[in-house]
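Some features that TrEMBL has for this protein:
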{"type": "TRANSMEM", "residues": "70-90", "note": "transmembrane segment"}
{"type": "TRANSMEM", "residues": "102-123", "note": "transmembrane segment"}
{"type": "TRANSMEM", "residues": "171-190", "note": "transmembrane segment"}
{"type": "TRANSMEM", "residues": "197-217", "note": "transmembrane segment"}
{"type": "TRANSMEM", "residues": "229-255", "note": "transmembrane segment"}
{"type": "TRANSMEM", "residues": "267-294", "note": "transmembrane segment"}
{"type": "TRANSMEM", "residues": "314-338", "note": "transmembrane segment"}
{"type": "TRANSMEM", "residues": "366-385", "note": "transmembrane segment"}
{"type": "TRANSMEM", "residues": "391-412", "note": "transmembrane segment"}
{"type": "REGION", "residues": "417-445", "note": "region 'Disordered'"}
{"type": "COMPBIAS", "residues": "431-445", "note": "compositional bias 'Polar residues'"}
{"type": "TRANSMEM", "residues": "512-534", "note": "transmembrane segment"}
{"type": "TRANSMEM", "residues": "540-563", "note": "transmembrane segment"}
{"type": "DOMAIN", "residues": "575-625", "note": "domain 'Cationic amino acid transporter C-terminal'"}
{"type": "TRANSMEM", "residues": "602-623", "note": "transmembrane segment"}
{"type": "REGION", "residues": "655-677", "note": "region 'Disordered'"}
Amino acid sequence: MASCVSGCSPVMRFCQKLNRLKTLDDDVMATSLKRCLNTVDLALLGVGGMVGSGLYVLTGTVAKDTAGPAVVISFLIAGVASLMAALCYAEFGARVPKTGSAYMFTYVSVGEIWAFLIGWNVILEYMIGGAAVARAWSGYLDSIFNHRIQNFTESHVMRWEVPFLAHYPDLLAAAILLVASFFISFGVRVSSWLNHIFSAISMVVIVFILVFGFILADPVNWSAREGGFAPFGLSGIMAGTATCFYAFVGFDVIAASSEEASNPQRAIPAATAISLGLAATAYVLVSTVLTLMVPWHTLDPNSALSDAFFRRGYSWAGFIVAVGSICAMNTVLLSNLFSLPRIVYAMAEDGLFFSVFSRVNPVTKVPVIAILVFGSLMAILALIFDLEALVQFLSIGTLLAYTFVAASVIVLRFQPDKSSGSSGAGGVKTDASSTPSGNQSGQQMDLSVAANEAQTFAQDGGELKEYESFSDKLQLVERQKAGKEKRAPGMLKARWEPYLGRLLGDCEPGEVVAFSVLALMVSGVSLSAVLVFGNNQLHLPVWSFTLLLVIFSVVFLLSLALISVHEQRPNLKTFQVPLVPFIPGFSILLNVFLMLKLSPLTWIRFTVWVAAGLLVYFGYGIWHSKEGLREQQGQDVAARYVVLPSGSLVETVQNVQPEGHTHSTHTSTVDNPPASR
């Protein structure tokens, strides 16, 4: 048995390394970056990240091919679904105002390797997203000049026929990325003002589209003569919702900027709500105007808005729409180039990525090296790759990040305090050889009394409370009696004790919640798999399909119910997601469902990218992790403070030596003040 335990201990230590959590500084507002962004700055960053080319392209595509005029309902449902994920980001951004977004949130609540994989996938998401928008920007501008740029490049530069590569190098797309990276490297205020300018122009154009579009609106285009409001039925509306959901991707730039927000506790939640509300309103109203101006089945998917004005006899309005589209794409470009270096900076600052990217310019207060290097990599992608086949890859990284952030909200909300853990009497050790010679006899007498008292108390079945610091002990002893009445986070609620006490009462705080979160994830994946693959790929009979749906649905709902009957952390002054665990739980289910709807080729690419990330983590990150270095430093000296029934406090300081050496322990007893007895 002993050999089994000794053989498993290296494996357990390795697993603990992979799942270690990030330790936040006492002052979470301390940063080497510049805190200067207010609520308006953050809200416009969020609007710029969401309202881009999708407003000018996606509305026409979904309306013509998927939902018809009911695209309005699709955008409305997608906005509500995105709100669930946005609320989770807003809570974390206000509570942990550090750059890194989903990576940081996962690191402080789930574990290191999971955080690295989330950050690794978000990096690729931003790189491909920025390159794809740059190519769309280039193509849109080229179309205004009747494709003269493309023709000139193919004739005078080069043209190739290689799979997965573009037919010609898109010099214009690469140039706009390099220029944008150059401006962003000047600092967050320059980036913010550029975003203000392009967002203002884009919003003026949207107002023009709405006002002029409603003047030209014809309700006949929603009538039965043109196919009705929902020609594809409920299935078309839901399929359109799945596509429209990706239009709201981009609000995470607000959480990624929380370390540069002047008042993140208030600004992050407010900016998230404002930006998502503005984006949803813009998408719903523009899709309403578009489908009322011309019949939905005659829309041009590539340039629906400008084509609609052209067909109504206002070709000059199409030029204004084109200007608005280019400005909107500029805001998305800035959003990607703004967020990507900060994710890289956060990972490098924690030691999980190459340390050169954690350097902050002392003048501009931004990670200039990360901005220029990854801006150049993004430009190379836009220059040579045909990104149409890779665009769907964007979705899987985003949805995975949403899933882990939602799970992190549940874990952190019900996570017990580290200082409230208990240990047995074995925590008290004495060694007279380590005590100073001056007071050796008196301390030995105190030690023997403390040790005897601890031993007697342990034999009677009592517990010794153990604390990591003396100051924590002095505060917690005062609240020890009140703590027995007020249950800690992760414990069963008092009103459920008579019903579930026998079943769950013996579990450690947070243990049932952790198991329930795991069951929630597994049942959510299983339920989504049955819904996506049950009828088509698996060809399940009706009874089997129904039975599996019922079983996994019951497990999913039961997991949520088990989590909800436990105590949450007390309400903080920062924003908190309402109806936890239900809103994060259903957000997880939606994200997993949409992930399983992606193509098998996307999953293959995702697997390859994750494998490459694991090579980086195990080759560099795990050895340079600052949490790992902090653990090694903490192992040099271990201190524990143990409360005895008499009110005495035993301090145990242990010098930890390398394997094969003896441990030196010094224990002293301190009487508590009368108020804490």
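Even glycines carry a Cβ here, placed using N, Cα and C.
Keep in mind that TrEMBL annotations are predicted by a computer and have not been checked by a curator.
Listed stretches 102-123, 197-217, 229-255, 391-412, 540-563 were compared with the transmembrane segment (314-338); the greatest number of C-beta pairs under 8 angstroms is found for 197-217.
In terms of C-beta pairs under 8 Å, the stretch of 70-90, 102-123, 171-190, 197-217, 229-255 lying closest in packing to the transmembrane segment (602-623) is 102-123. Put simply, of 171-190, 197-217, 540-563, the stretch with the most CB pairs closer than 8 A to the transmembrane segment (267-294) is 197-217. Of the candidate ranges 70-90, 171-190, 540-563, 70-90 contributes the most Cβ pairs within a distance under 8 Å of the transmembrane segment (391-412). The stretch from 171-190, 229-255, 512-534 with the most CB pairs below 8 A to the transmembrane segment (366-385) is 171-190. Of the two recorded stretches, the transmembrane segment (70-90) does not lie close to the transmembrane segment (512-534), with fewer than three CB pairs under 8 Å once pairs fewer than 6 apart in sequence are set aside.
In the predicted structure, the domain 'Cationic amino acid transporter C-terminal' (575-625) carries a mean pLDDT of 91.
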